[in-house]
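Trainee: Starting off with a structure, shown below.
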Amino acid sequence: MLGTLFARPNCLLSRRNRYQLLTTLIINLISVSHGIGIGWLSPTLRKLQSNSPIGFEVKSEFEISWVGSMLGMGSVTGNILIATLLSRLGSKRCLLFLAIPHSCLWLLVYFAQSVEYLYVGRLLAGISGGGMYIVHPIFLSEISDANIRGTFSAMVMLSVNVGVLGGYIVGTHLAYHDIPWMVLVLPLFYFFSVLLFIRESPMHLIRKGKYAAAERSFRYYKNIKDGDNIIEQHRSMEEFEQMKMALTKGDDRKDAVTLKDFFSRPALRAYGPALVLLIANQFSGLFTMVNYMSDIFSKSGSTMNPDTSTIIIGAVQILGSYVTTLLCDICGRKLLMLVSTAGVAVSLIAFGCFTHYAQSYDLSEWSWVPLALMSMDIFLGNIGLVGCFYVCLVEMFPLKIRAKAASMAIVVCSCFVFVTLNIFPICMRQWGISATMWSCGGVSAFGFVFFAYFLKETKGKSMLED
């Protein structure tokens with residue numbers, strides 16, 4: 001019975017999928033470390049505003065918003081840098097590069113003597129994260145089988161959320177100067193693991209004309225051995241030949257992507273859903289709130305400890321993204337997106353109502369409500385808008401422009417990250433927390449309506465299809 005279970009094509013531990021799973025786990029070490037960098041800021045920022053453990057305080061709204069938003073500026077830089085280098089250097093070298101700016105982040109945190117050190121550190125964290133969000137989904141889509149691709153891609157955000165929870169915990173309970181040296185182990189271990197165990201994707205090698213190396217890479221990721229069943233080997237190598245033909249369609253300029261390709265009918269059909277996906281993902285506030293979660297709870301009218309509530313939210317994030325890995329290839333992307341946007345809209349509007357009435361009435365007996373509503377928001381947001389975001393974004397573009405279009409879309413997303421991280425604390429101060437939450441809920445409601453009519457299901461789609 002156990003053997004039958006492992007033999008299923010969608011079993012992550014099946015013989016065919018083992019090296020794909022190992023590769024996914026290795027490259028997501030940097031995702032965990034990036035998540036720690038994100039989550040660490042929320043409790044640490046509150047400490048730096050009063051009784052700072054270092055030689056300076058971060059008090060003004062200007063400094064707070066820029067410490068937060070430099071991550072977005074770095075993400076844009078990382079997106080553009082990796083998108084430019086990916087087709088030239090390949091995925092493996094780009095994966096190795098990610099460890100460098102991320103390691104520098106923790107060195108700057110440790111040696112920080114002014115707020116400018118944190119600005120630069122967050123910028124470098126953004127470069128690493130922005131590059132990661134480009135290379136991970138594209139690389140995983142190129143090495144994974146169609147029936148498990150969604151699960152592997154969703155594991156990127158699961159790993160980030162594991163790191164966010166870790167960042168909440170260490171930022172709350174450990175001394176400021178102890179954290180950088182602990183976390184620095186992760187990017188270093190990641191670098192040497194990628195160097196030793198990761199192979200370049202077969203698709204990239206085919207595009208470069210390295211067909212023998214591409215075949216070896218394909219056989220590695222599909223776990224094809226010379227002593228395997230002849231029929232299974234033949235079937236797998238037929239798949240490789242189809243991939244090779246699709247990427248080299250008898251055109252000497254097979255790699256040349258022209259402006260005309262971006263205006264083909266499949267491409268034009270993808271732009272609307274992609275733009276709404278980007279807007280809903282960022283302006284629903286899901287990522288922004290993760291960075292400012294402790295401040296949100298301190299201003300919500302709840303009497304519960306803000307840092308404790310933040311740690312609980314970190315655990316809920318992991319649960320939501322784990323559910324995505326289970327359901328993404330079963331229920332499909334569209335259903336999860338609809339459930340996610342509807343749930344985020346309802347929970348944020350309700351959260352805004354609670355904070356509005358908490359200003360006029362004593363709701364101390366209902367202090368658990370903000371935590372419950374934010375947990376609902378984060379859980380449902382992570383099963384679709386966050387967990388399926390990169391899966392949908394990569395899959396909705398046609399083959400020829402997929403890598404470039406997805407890269408450009410993620411650059412736009414990072415611009416949105418910068419904007420939302422910068423304006424969120426300003427909006428909470430100028431509009432109040434209630435109006436800010438209602439605005440984010442309204443964006444999610446719009447996303448629900450749009451996705452219901454225009455989002456195309458891509459579950460099981462071959463990466464060789466438009």
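Yeah, the Cβs are placed from backbone N, Cα and C, and that goes for glycine too.
What TrEMBL records for this protein is below:
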TRANSMEM  21-42  transmembrane segment
DOMAIN    23-459  domain 'Major facilitator superfamily (MFS) profile'
TRANSMEM  62-82  transmembrane segment
TRANSMEM  94-113  transmembrane segment
TRANSMEM  119-140  transmembrane segment
TRANSMEM  152-173  transmembrane segment
TRANSMEM  179-198  transmembrane segment
TRANSMEM  270-290  transmembrane segment
TRANSMEM  310-328  transmembrane segment
TRANSMEM  335-357  transmembrane segment
TRANSMEM  369-393  transmembrane segment
TRANSMEM  405-424  transmembrane segment
TRANSMEM  436-455  transmembrane segment
Trainee: Please give the sequence-distant neighbours of the transmembrane segment (152-173): residues at least 6 beyond its ends with Cβ less than 8 Å from one of its Cβ atoms.
Mentor: 20-21, 24, 28-29, 31-44, 132-133, 136-137, 140-141, 144, 179, 182-183, 290, 293, 307, 310-311, 313-315, 317-318, 320-322, 324-325, 328, 382, 386-391, 394
Trainee: At least three Cβ pairs under 8 Å linking the transmembrane segment (62-82) and the transmembrane segment (310-328), pairs spaced 6 or more in sequence?
Mentor: no
Trainee: Are there three or more C-beta pairs under 8 angstroms joining the transmembrane segment (94-113) and the transmembrane segment (119-140), sequence spacing 6 or more?
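Mentor: Yes; at least 3 Cβ pairs under 8 Å.
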Trainee: Is it the case that the transmembrane segment (369-393) and the transmembrane segment (310-328) touch, counting contact as three or more CB pairs under 8 Å in which the residues of each pair are 6 or more positions apart?
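Mentor: Per Cβ check, the transmembrane segment (369-393) touches the transmembrane segment (310-328).
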Trainee: Under 8 Å between C-beta atoms and at least six residues away from its ends: which parts of the chain pack against the transmembrane segment (270-290)?
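Mentor: Cβ under 8 Å, 6 or more out: 38-39, 42, 164, 296, 313, 317, 341, 344, 348, 374, 377-378, 381-382, 385-386, 389, 392-393, 396-398, 405, 409, 412-413, 416-417, 419-421, 424, 436-437, 439-441, 443-444, 446-447, 450-451, 454-456.
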Trainee: Excluding the flanking five residues on each side, which residues at least 6 beyond the ends of the transmembrane segment (436-455) place their CB within less than 8 Å of a CB in that stretch?
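Mentor: Same-chain contacts beyond the flanks: 272-273, 276-277, 279-280, 283-285, 333-334, 337-338, 341-342, 344-349, 351-352, 355, 385, 392, 424, 427-428.
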Trainee: Check the transmembrane segment (21-42) against each of 94-113, 335-357, 405-424 and return whichever range has the most CB pairs under 8 Å.
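Mentor: It is 94-113, which has the most Cβ pairs under 8 Å.
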